[in-house]
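The transmembrane segment annotation in TrEMBL covers A:12-35, A:65-84, A:96-115, A:142-159, A:188-213, A:225-247, A:254-277.
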Amino acid sequence: MNLALQFLANGLVTGAFYALSALGLTLIFGLMRVVNFAHGEFFMLGGVLGWVATAVLGLDFATAFVLVVAAMGVLGWLVDRFMIERVRGHGEESTILLTIGLSIFLANATLYLAGPAPMKVPAPLTGKPLFLGPVVLTKSRLAAVAVSVVLVLGAYLVIHRTRIGRAMRATFQDAMAAKLSGIRTERIFAATFALGTMLAASAGMLLASIYSAQASVGGLVSLKAFVVVILGGMGSFPGAIAGGLILGLSEAFWGGYVSTGTVDIVGFVMVILILLFRPRGLFSLNAQRA
Amino acid sequence: MSARTVLAVSDLTAAYGNATALHGVSLEVREGETVALIGANGAGKSTTLRTISGLLAARSGRIAWEGKDITNWPADRVVAAGLSHCPEERHVWPEMTVEENLRLGGYLCGSRREVDRRAALAFGRFPRLQERAGQLAGTLSGGEQQMLAIARALMSEPRLLMLDEPSLGLSPKMAEDVFAVVRDINRHGVTVLLVEQNVHNALSVASRAYVLETGRVTAERNAGDLRDDPDLLRTYLGG
Ligand SMILES: Nc1ncnc2c1ncn2[C@@H]1O[C@H](COP(=O)(O)OP(=O)(O)O)[C@@H](O)[C@H]1O
Ligand SMILES: [Mg+2]
């Protein structure tokens, strides 16, 4: 029983991290419909740059975080304006090939410059773990969960309650109509891609302070983020949270009771089932309309 | 005709890739008029509107709006200058509510209060939309979507409204309603450039008409003349 509670706590924490890691992809793939295979590398770069800023340059975590996220925003903007923009409207294959190419480049450039060793970002919070009854949790994990919640909520509010958020949704649903209303769609595309890149990098740096950053981690992060986005329903932030928690919990219990070696299969089996039976995501009201 | 010319298109050419769609279109619209652009499917009516509103680049020629050269201005500048284009097939944002669709039509208007005022006016004009304000636009009927598209296009308070086939796919009754709205908009001082397949409806609201054939203007007539002379109409439209 105690073990089950610990699995539950671990699953919720991992699930919150999955939701956070997938947030940028919810925006870029879910809403903007760019199949972005470089998502995991943006996440990875957030961690590696965070390590450079803190462990190498000696900045404090908060300053480093702001700088890294800003730099990644610029990178995202440039990638959209100079790469994605050229293939926009030419079908998904071009975008997929482009972002796969970009991901290979980013991963190997990082491997070349920083090497394959794990890079640990010093955690902003230290101290004894908390004991909640039989459950053990570290403060930095709880803080990271809190930051995840804030970022998810913030992204949701931006998309649904602000002028630029409405312009984003309009642009992705019908770019021509958006142009005719005076929206400069090319800026909206670039801003959304930049925002998604910043969210991916935030997640990468936060999680690099709990686990560690590694040049080769991008592929797995991308795949799991796609799992979360598809589980939750394309472009839905509440869905992404639910998708993250479901994935985190299933993996925690599968790893705890069945076998740890096969944990990574769980998500993919779920995605296959979802795509077969509820192609618009677990929580869509109209699963038929795919 | 004493009214001044507000829109003057001269010798406009435009193409999709290598396929030229407009081979030198010239037309004029005067202040307060409703002008119809008629012609067979594929004649280049929509392309003409798209080139004016900045969705498609002009290859050559000139578009002048109130004396200013607006050729190849980006779409947002064209809207800001007072032209609004309500596109063929409505193009409402299906996953956004009726109210969100409407308010986004006033995207370039900096003042929230002013957008409120315009939205209230639109809801007054289209009570059906008011009833459905919170509903997703994709769930509206075709006629309601057309009304929403027109209401959205009016949210920028244009001086020229370009309507592309507003009666397409609507029942005759619904089409009647749409044309009543067009007449009403025009009475309120908005100049209208109307593209229609349904020539009889178009001629019932327009004062003049241009006939377009494979990317060229082949005639310009008073709407009354065309209406009263079916033979003339047949020569132009080949129907
Ligand atoms: N998106 C497009 N791509 C390529 N050709 C197009 C496109 N839209 C229209 N055309 C072509 O341009 C010509 C004019 O089309 P259009 O302006 O839509 O005619 P209309 O509105 O009078 O029916 C036609 O030959 C049509 O096939
Ligand atoms: Mg047309």
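Numbers here mean position along the shown chain, with the first residue as 1.
Glycine is no exception: its Cβ is also placed from the backbone N, Cα and C atoms.
Annotations in TrEMBL come from automatic prediction, not curation.
For the transmembrane segment (A:142-159), the partner stretch with the most Cβ pairs below 8 Å, chosen from A:188-213, A:225-247, A:254-277, is A:188-213.
At the 8 Å Cβ cutoff, the transmembrane segment (A:12-35) and the transmembrane segment (A:225-247) share at least 3 close pairs (sequence separation 6 or more) and count as touching. Between the transmembrane segment (A:65-84) and the transmembrane segment (A:188-213) there are 3 or more Cβ pairs closer than 8 Å, counting only residues 6 or more apart in sequence, so the two stretches are in contact.
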